[in-house]
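Asker: Okay, here's the structure, questions in a sec.
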Amino acid sequence: MERSPIGVGRLRRDETAYIVGAISGAHFLSHIYLLAFPPLFPLLGSEFDLTTGELGLLVTAIYIPTLVLQIPLGELVDRIGAKRILIGGLVVTSLGITLAGAATSYWMLLAFALLSGVGQSVFHPADYAFLESVTTESNQGKAFSLHTFGGFAGFAAAPMLLGGIGIRYDWQLALFVTGSLGFLYAAVLALTAAPVYRRQIHTRETNGGRDDGEFASELETENPINERTTESGSSEPGDTESTTSGSTLRQTAAQLLQPRLLVVFVFYLLSMMAIVALQSFTTVFAVDSLGFDDASANNVLTAYLVGTAVGVIAGGPLADRVPFQPVLVGAFAIAAVGTVGAVAVAPNMSFVVAAVIFAFVGVAIGIALPSRDTFATTMAEAGSTGKSFGFFFTGLSLGAVLSPALLGALIDVTSVLVAFLVVAGILLVAASVIVVVSVLGVLEGPSNDREDASPR
């Protein structure tokens, strides 16, 4: 994508590093909250007498608001910048998890999970807008890798943090302590993070008419940067407001419903169905199929998530050097084979074997994720990073909404082994999507012609 000279060129290297690190830290907390409930499933199931399907709905509830809100929030990010939206989202998702610690019924847990999901809706549109502003083609894969690593490090920390506190003390304290961390980090971001994406928007809107010094004081004002007079000299938008709104909606739909963007949407949906299933039900797999206790089951989940985080680190440089197609196809195929292997040896699997197999699956998936983000950036519309990623991650959210509910119900009706075979099938279908669209040339489009959006 086209880079603003203010978005990249005028940032010192330490400023760029700080923004990438700070946003990755927010992503870390975001993913802890996304996985707040699965490490506590055995405790919550016993406390409220819940089925696996009902437990899965807690994960679904977190993702439902992101399904609805990511596209409009992406639009908002592209209008006013990412900083305040990101901080507000972090506060809201933290509040939902903190209040869940005070829940006295399953329905209260569901309600607070939904509230946490409202805050989660901001992260991907805002995070990627920030990252797009401070990276270039030469370092974008590494930045995405660090950002994705932050998220999966959060996933890896969740079983240790929440499971550890929950098993040692109780699930209420685990949720309260974990939720409180987000308020502290939001305060840090508010005081230290620069509004770099707003600078890029301002540059785009004014066609580079002013430099940093002239508008730096305006960056965090309450006045939207697109509130300016029309060419006729009038600042009254009343006569054209309805027409403009309708036209904007049609333009947004036309931009998003392009074949290459729909391909990314579908791939994100399928990949997230598999990833969320593994995150949500690995503990169930370990308890029901292997006979492990709660602590050992959480350790198997931790092995998978640590493997994913390690894979993400390895996948960053790979995304900078290798085209995304072979990385995505190969990594997802390997993860599918590993998942089938876990099912095949399940009845006689020791803890060490289980940890190794799930870590192997995690590494394969982690390697794919920076290339997945490179794939999305390659396809995104120039000047509409927030909106494009809002659309892509709506597909991700749809997969996350469907997966726990459908596979949780499947586990109740059949078994967790059958559900994990379905997960392997989903991974293979996702890999097949990349193969098919590459052969058909769907990935070729106007966005690929931009200077820094060529496939890597």
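Each residue, glycine too, has its Cβ placed from N, Cα and C.
Curation plays no part in TrEMBL annotations; they are all automatic predictions.
Not my notes, these are from TrEMBL:
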TRANSMEM  16-35  transmembrane segment
DOMAIN    19-442  domain 'Major facilitator superfamily (MFS) profile'
TRANSMEM  55-73  transmembrane segment
TRANSMEM  85-103  transmembrane segment
TRANSMEM  109-131  transmembrane segment
TRANSMEM  143-167  transmembrane segment
TRANSMEM  173-197  transmembrane segment
REGION    205-247  region 'Disordered'
COMPBIAS  223-247  compositional bias 'Polar residues'
TRANSMEM  261-281  transmembrane segment
TRANSMEM  301-319  transmembrane segment
TRANSMEM  326-345  transmembrane segment
TRANSMEM  351-369  transmembrane segment
TRANSMEM  389-411  transmembrane segment
TRANSMEM  417-443  transmembrane segment
Asker: Cβ under 8 Å, sequence separation of at least 6 from the ends of the transmembrane segment (109-131): give me the contacting residues as numbers and ranges.
Answerer: 19-20, 23, 26-27, 30, 33-34, 36-37, 44, 48, 57-59, 61-66, 68-70, 73-74, 77-78, 81-83, 85-86, 88-97, 99-100, 103, 140, 143-144, 147, 196-197, 373, 377, 385-387, 389-390, 392-393, 396
Asker: In the same chain, which residue numbers or ranges, 6 or more beyond the ends of the transmembrane segment (16-35), come under 8 angstroms Cβ to Cβ?
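Answerer: Counting only partners 6 or more residues beyond its ends, the transmembrane segment (16-35) has Cβ contacts under 8 Å with 8, 59, 62-63, 86, 90, 93-94, 96-97, 116, 119-120, 123, 127, 130-131, 133-135, 143, 146-155, 157-159, 161-162, 178-179, 181-182, 185, 188-189, 192-194, 196, 279.
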Asker: Quick one: do the transmembrane segment (301-319) and the transmembrane segment (143-167) reach 3+ CB pairs under 8 Å, ignoring pairs fewer than 6 apart in sequence?
Answerer: yes
Asker: Hey, which of 55-73, 173-197, 326-345, 417-443 has the most Cβ-Cβ pairs under 8 Å against the transmembrane segment (85-103)?
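Answerer: That would be 173-197.
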Asker: Given the cut-off of 8 Å on Cβ pairs that are 6 or more apart in sequence, determine whether the transmembrane segment (389-411) and the transmembrane segment (173-197) share at least 3 such pairs.
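Answerer: These two stretches do not touch.
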Asker: Would you confirm whether the transmembrane segment (351-369) and the transmembrane segment (326-345) meet the contact rule of 3 or more C-beta pairs below 8 angstroms, pairs 6 or more apart in sequence?
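Answerer: Since 3 or more Cβ pairs under 8 Å link them, the transmembrane segment (351-369) and the transmembrane segment (326-345) do come into contact.
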Asker: Please report, as numbers and ranges, the same-chain residues at least 6 past the borders of the transmembrane segment (143-167) whose CB is under 8 Å from any CB of it.
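Answerer: Residues 20-21, 23-32, 34-36, 38-40, 43, 127, 131, 134-135, 173-175, 177-178, 279, 283, 294-295, 298-299, 301-302, 305-306, 308-309, 312-313, 315-317, 319, 366, 369-370, 373-374, 377.
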Asker: Apart from its near flanks, which chain residues at least 6 from the ends of the transmembrane segment (55-73) lie with a Cβ under 8 angstroms of it?
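Answerer: For the transmembrane segment (55-73), the sequence-distant neighbours (Cβ-Cβ under 8 Å, at least 6 residues beyond its ends) are 33-34, 37-38, 41, 44-45, 85, 109-110, 113-114, 116-118, 120-122, 124-126, 252, 256, 276, 280-281, 386-387, 390-391, 393-394, 396-398, 400-402, 404-405, 407-409.
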Asker: So which residues does the transmembrane segment (417-443) touch in its own chain, when a touch means Cβ under 8 Å and the partner is 6 or more beyond its ends?
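Answerer: 259-260, 263, 266-267, 270-271, 273-274, 277-278, 281, 285, 289, 325, 328-329, 332-333, 335-337, 339-340, 342-343, 346, 378-379, 407, 410-411, 455.
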Asker: In terms of Cβ proximity under 8 Å, which residues at least six beyond the ends of the transmembrane segment (261-281) contact it?
Answerer: 35, 38, 52, 56, 59, 63, 155, 255, 301, 304-305, 328, 332, 335, 339, 358, 361-362, 365, 368, 372, 375-376, 379-381, 388, 391-400, 402-404, 407-408, 411, 416, 419-420, 422-423, 426-427, 429-430, 433-434, 437, 442-443
Asker: Mean pLDDT across the domain 'Major facilitator superfamily (MFS) profile' (19-442), rounded to an integer, is what?
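Answerer: 83, rounded to a whole number.
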